[in-house]
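The structure under discussion appears below in the form of C-alpha cells.
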Amino acid sequence: MSTLLPALQAVLDGRDAALTPVASEGDPSVLAALRVGEPVDDDVALVVTTSGTTGTPKGALLTGAALLASAAATQDRLGGPGRWLLALPPHHIAGIQVMVRSLLAGTTPVQLDVATGFDIEQLPAAVAALGSGRRYTSLVATQLAKALQAPAATAALAELDAVLLGGGPAPQPVLDAAAGAGVRMVRTYGMSETAGGCIYDGVPLSGVRVRIGSDGRIAIGGSTLARGYRNRVDPDPFAEPGWFHTNDVGALDESGRLRVLGRADDAISTGGLTVLPGPVEAVLSTHPAVADCAVFGIADDRLGQRVVAAVVVAGVTPPTLEELRAHVAASLDATAAPRELHVVAEL
C-alpha cells in the first residue's frame with residue numbers, strides 16, 4: 001500500500017499513466033495479457049482485473065472520474081468522510097476503493113495485511129489505530145464470519161460507523177449474528193466494472209441507475225461505470241451506451257430496492273421451470289439444523305436437472321430431506337425444494 005497509495009493519487013490527479021494493480025506474486029502472463037505499458041485513453045486511471053475471469057483477463061478500464069464518483073457517493077451515503085481500515089487485497093477493486101475513499105477524505109488508511117490470511121487477533125489493534133472520528137472498513141462474508149468467532153474482534157467491528165460487506169451473498173445466520181452484536185453492516189453490490197460497490201442495501205448510490213432486463217438480468221448505468229474492457233469480449237456487456245449488463249439475476253421491489261437473486265449461469269432448469277440457488281440457500285440457512293449450505297443442479301432424466309442441497313449440520317442431528325423440503329416449500333415454490341440431500345463436513 002505504501003507505494004500504491006501515492007501512485008493512485010498521481011493517476012487520479014492526471015499526473016501519471018494508468019495503473020494495472022496486481023498481486024505481488026501475480027502471474028506475469030496476466031500482466032502480458034492486460035498489455036501493461038501499451039497506451040490507453042488519457043482519462044483511464046486503472047486497468048483492473050475482474051472477478052471470475054477465465055481465459056484471457058478482460059481488464060476493466062476505469063477512469064479517475066468513475067473512481068472518484070464512486071468514492072464521493074459512498075462518502076455521502078455513509079454520512080461523511082472518515083478513516084478507513086484496509087482489510088482487503090489492495091490490488092482488488094474493493095481494496096482500491098478503500099484507498100480512493102481515503103484520498104478523497106484526506107486521510108491515510110490503516111492496513112491489516114491479509115497476504116497470508118485474515119488475522120482476527122490483529123483486528124482490535126488495527127481498529128484502535130484508526131483513532132477518533134468516523135471510521136469504516138470493507139469486508140467479505142468469510143472475514144465477517146471469522147471475526148464473529150472472537151469476542152474482541154466482534155467488539156472492534158461494532159465500534160465502526162459502517163462495515164461494508166461485499167464479495168457475494170452472506171449466510172443469513174452470519175448477518176443475524178453481526179446485527180445482534182451491534183455491527184453496523186452495509187450490504188454492497190457491485191464489481192470491477194462499476195468501480196466497486198455501487199448499490200448499498202439494495203439502493204443505488206447517487207449517480208447510479210439500475211434496471212432489470214426482460215431476461216431478469218441486472219443492468220447498471222451511471223457515473224461509476226468502466227469505459228469497457230482492455231480485451232474484446234463477445235458478447236460485450238458494455239454494448240449498450242451508458243449501461244453494463246451483468247450476469248446476475250435480480251428483482252426490484254415497489255420502492256426500487258434491488259434484490260440480487262443469483263448468477264444467471266447458476267440457474268437450475270428443473271421440470272421446465274428455473275430455480276436460482278441463492279434464494280433456496282437463503283431459506284435453507286434459516287433452518288436451525290443448517291450451519292451452511294450450497295444448492296446446485298445435477299442431470300436428471302425426467303426433470304432435466306434436479307435440485308440438490310449440500311448442508312453442514314449445526315449441532316449433532318442432521319436434518320432429513322423431508323424436513324428441508326417442507327422448510328423451503330413454506331417460503332418458495334415447491335419446485336425449488338431440494339430433491340437430494342448431502343450432509344458434508346464443510347463447504
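Residue numbers in this text run from 1 along the chain shown.
Keep in mind that glycine also has a Cβ here, set from the backbone N, Cα and C atoms.
So that you can see what the record holds, here are the features copied from TrEMBL:
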- 35-217: domain 'AMP-dependent synthetase/ligase' (DOMAIN)
- 280-347: domain 'AMP-binding enzyme C-terminal' (DOMAIN)
Can you give the mean pLDDT for the domain 'AMP-dependent synthetase/ligase' (35-217), rounded to a whole number? 93
For a three-state summary based on DSSP, what are the helix, strand and coil counts in the domain 'AMP-binding enzyme C-terminal' (280-347)? 17 helix, 25 strand, 26 coil
